[in-house]
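**Student:** Features from TrEMBL:
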TRANSMEM  23-41  transmembrane segment
TRANSMEM  109-131  transmembrane segment
TRANSMEM  143-172  transmembrane segment
TRANSMEM  192-225  transmembrane segment
TRANSMEM  246-267  transmembrane segment
DOMAIN    301-357  domain 'MIR'
DOMAIN    370-426  domain 'MIR'
DOMAIN    431-487  domain 'MIR'
TRANSMEM  559-577  transmembrane segment
TRANSMEM  598-617  transmembrane segment
TRANSMEM  629-654  transmembrane segment
TRANSMEM  666-687  transmembrane segment
Amino acid sequence: MAASTVTKKGSGEASRKWGNDSMWWSVFAIVCIAAAATRFYKVTEPDHVCWDETHFGKMGSWYINRTFFFDVHPPLGKMLIALSGYMTGYNGTFPFEKPGDKYEDTNYVGMRAFCTFLGACIIPFGFLTVWEMTRSLTASSYAAAFLVCDVGMLTLTQYILLDPILLFFIMASAYGIMKFNSFKNRAFSTQWWFWLSFTGVMLACSLCVKFVGMFIVMWIGLHTISELWIILGDLSKPFMYTVKHFAARVVCLIVLPAIIYALFFYIHLKVLYKSGLGDGYFSSEFQSKLEGNSLYNASMPRELAFGAVITLKNHRTGGGYLHSHWHLYPEGVGARQQQITTYTHKDNNNKWIVRRYKEDAPVENDIEGIEFVKHGMLVRLTHEATGRNLHSHREQAPITKKHLQVTGYGESGEGDANDVWIILAEGGKEGDVITTVTSKLLFIHYLQRCMLTTTGKQLPAWASEQQEVTCSPNLRNKNGIWNVEDNFFPKLPNVSFEVYAPSFFERFLESHAVMLQANAGLKPKEGETTSQPWQWPINYKGQFFSGSNYRVYLLGNPIIWWANLVCLAVFAVIFFINSVRYQRGYQDPPHIQEIKTSSLDSCVWLSIGWALHYIPFWGMGRVLYFHHYFPALLFSSMLTGVMLSYISHSLAILLPDSLKNSVHHWFNGLIFSAVVYSFYLFSPLAYGMSGPSSNEANSTMHGLKWMDSWEF
């Protein structure tokens with residue numbers, strides 16, 4: 001009799017476990033199917049270039065063609081786009097010139113499908129992350145529903161962009177650390193090591209797609225510090241146990257990601273070995289490694305002589321070439337003389353002739369008929385294409401008003417005394433000959449006693465948005481260092497410059513210096529739609545991905561976005577109340593306390609994740625766009641899922657038994673129905689709109705224009 005009772009009890013527990021498992025797998029399958037169905041629907045439409053596909057599709061082509069280029073983001077995302085295109089038959093020939101260009105017979109679908117696949121995977125990862133944090137199927141389902149039904153997330157992950165790749169790796173990193181945390185009672189097991197290493201790899205990938213991947217690194221870093229602090233407080237374990245945990249995390253979350261991150265850059269620099277449009281952002285030594293560049297296997301005179309035709313490269317990180325063209329400074333911007341700028345691309349307008357300060361000056365022949373340029377000599381630089389001399393005078397620079405204006409002046413090399421410069425080699429002494437590439441040069445104006453420099457500030461459209469060149473009164477200005485890059489002088493023998501080619505580590509460091517500087521200095525292009533951080537959480541304004549007859553508009557699902565804000569506020573209130581209750585010694589029953597602790601602890605970490613991915617943008621000086629908010633949206637959507645589940649459980653606890661099930665099901669049904677229906681209403685924003693815009697009363701979208709700032 002007793003044995004029979006035990007058998008029935010065991011089979012009942014197994015049946016419940018199987019029922020719970022089958023329910024979990026059924027829900028997870030629905031989540032995966034919904035993610036795939038909503039993301040891959042109309043993935044081939046529109047069949048033209050949309051928004052930033054013009055950039056990242058083009059960069060994928062450059063990888064396929066091995067052509068070097070410069071971008072402000074690390075390389076992994078673009079390499080994956082190129083790989084997906086190459087493996088699905090794209091040959092790298094489509095120009096991706098501008099949004100709206102028809103793809104025609106180009107095989108673009110593979111790249112779109114790859115990005116869409118990663119975008120679809122975000123949703124199962126979100127479900128699994130919340131599950132690992134709460135062990136609540138309701139919370140996981142809510143989080144997945146909010147991610148599936150957000151039309152903004154859908155739009156952003158259906159195109160050839162870096163964003164779906166970045167969001168995928170961020171979400172995978174979050175899942176990895178939470179899955180790893182679930183093995184804390186099996187420390188140093190095979191699964192424990194696997195998930196810790198998996199997290200490290202995903203962190204490296206996040207950071208190597210965009211630098212904002214640093215925010216997920218910070219989040220996992222804070223979580224790791226918290227876990228180590230708890231381990232340190234476990235007095236049942238020796239101190240060396242904590243040291244072992246610390247060492248394991250250093251290896252898997254710092255050393256391993258650093259190696260993988262560097263490996264991606266090694267592949268990037270190996271693949272892009274041909275000279276391209278991005279050469280000019282980098283130093284002369286860097287360019288000497290690019291096949292087809294004028295410095296690759298360079299053979300040119302070692303010494304600089306009068307009469308040579310040269311180009312001058314600024315040593316500022318990402319600095320361009322000293323440049324001029326026929327355009328004059330506009331009325332009201334100093335003297336109306338020829339513009340002098342720096343330009344980051346190789347161009348015939350970068351060429352200058354080195355001349356004596358006056359033609360009848362005494363000649364010191366170092367070799368018969370040849371006079372070398374030496375440290376401390378007076379020189380003129382004449383622009384080869386226009387015949388104007390490099391010139392400065394007592395007029396304010398265009399942007400930097402404390403500096404003097406630099407212009408092109410004179411005719412056919414004939415000018416005045418304001419064209420004379422003293423050439424100095426950094427660390428040089430009288431009689432030292434100026435050398436190509438290796439001499440770091442300063443040009444001091446002979447009369448004004450100021451230094452030729454570039455400020456790095458972008459000039460307006462009248463100067464083709466090139467960079468400002470000035471004469472700085474600060475003779476120690478670090479932006480006033482130049483080097484001779486090209487040296488054309490047939491009377492001198494040529495020497496090879498292969499000896500100056502940098503190592504991988506030097507190129508790795510220079511790449512980062514250039515990217516970080518360019519990223520910080522990004523400014524909006526004329527007519528470009530930008531936004532401010534305060535606008536993002538309230539879904540104030542979207543942006544067009546595709547215009548004309550097939551309109552796609554990036555805008556969040558307002559029901560979801562505003563619910564996220566409400567749940568953030570509700571969490572803050574509940575957390576405060578519970579903190580006060582705890583401080584005053586109130587105790588909840590164990591089963592209630594378990595749910596409360598699990599939910600609120602999860603929300604604490606998710607709110608930190610949201611804040612880390614959102615608040616730093618308030619302090620950024622660079623141009624910002626609406627899509628920068630979407631990593632933060634991942635965390636706020638997961639937090640909303642946990643909070644709604646917590647509220648649902650709290651109602652069930654507070655209500656009498658006769659109402660518990662009804663209210664629980666009605667509450668969940670109402671939330672899921674509202675979210676799904678809002679997706680149905682706003683899905684045309686992602687899947688494409690035609691006909692009148694929402695401003696017109698006869699538009700099918702007119703009733704959905706809830707805010708005047710929405711432009712669809």
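Including glycine, each Cβ sits where the backbone N, Cα and C put it.
What's the neighbourhood like for each of these?
**Tutor:** Beyond its flanks by at least six residues, the transmembrane segment (143-172) meets 31, 34-35, 38-39, 42-43, 50-53, 56-57, 60, 73, 76-78, 80-81, 108, 111-112, 115-116, 118-127, 129-130, 198, 202, 205-206, 209-210, 212-213, 216, 539, 542, 545, 552-557, 560-561, 563-564, 627, 630-631, 633-634, 637-638, 640-642, 672, 675-676, 678-679, 682-683, 685-686 of its own chain at Cβ-Cβ distances under 8 Å.
Counting same-chain residues at least six beyond the ends of the transmembrane segment (192-225), those with a Cβ under 8 angstroms from any Cβ of the stretch are 73-77, 162, 165-166, 169-170, 172-174, 176-177, 179-181, 183, 186, 248-249, 252-254, 256-258, 260-261, 264-265, 515-516, 519, 605, 608-609, 612-613, 616, 628, 631.
Counting only same-chain residues 6+ beyond the ends of the transmembrane segment (246-267), those with a CB under 8 A from a CB of the stretch are 74-76, 79, 188, 193, 196-197, 199-201, 203-205, 207-208, 217, 220-221, 224, 228, 504, 508, 511.
The domain 'MIR' (431-487): residue composition by secondary structure is 6 helix, 27 strand, 24 coil, according to DSSP.
Residues 146, 149-150, 152, 537-539, 600, 603-604, 607, 610, 633, 636-637, 639-640, 643-644, 646-647, 674-675, 678 of the same chain lie 6 or more positions beyond the ends of the transmembrane segment (559-577) yet place their CB under 8 Å from a CB of it.
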**Student:** Give the nonlocal contacts of the transmembrane segment (23-41) in its own chain as ranges (CB under 8 Å, at least six residues past its ends).
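**Tutor:** Contacts with the transmembrane segment (23-41): 113, 116-117, 119-124, 127, 137, 140-141, 144, 147-149, 154, 157-158, 679, 687.
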**Student:** Six or more residues beyond either end and a Cβ under 8 Å away: which residues meet both conditions relative to the transmembrane segment (666-687)?
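**Tutor:** Answer is 38, 41-42, 45, 138, 141-142, 145-146, 148-152, 154-155, 158, 542, 552-555, 557-560, 644, 647-648, 651, 700-701, 704, 712.
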**Student:** Would you mind listing the long-range same-chain contacts of the transmembrane segment (598-617), meaning Cβ under 8 Å and 6+ residues beyond its ends?
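**Tutor:** Contacts with the transmembrane segment (598-617): 130, 133-136, 139, 174, 212, 215-216, 218-219, 222-223, 533, 536-537, 568, 571-572, 574-575, 578, 624, 628-629, 631-632, 634-636, 638-639, 642-643, 645-646, 649.
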**Student:** What are the helix, strand and coil residue counts for the domain 'MIR' (370-426) according to DSSP?
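**Tutor:** For that range the per-state counts are 3 helix, 30 strand, 24 coil.
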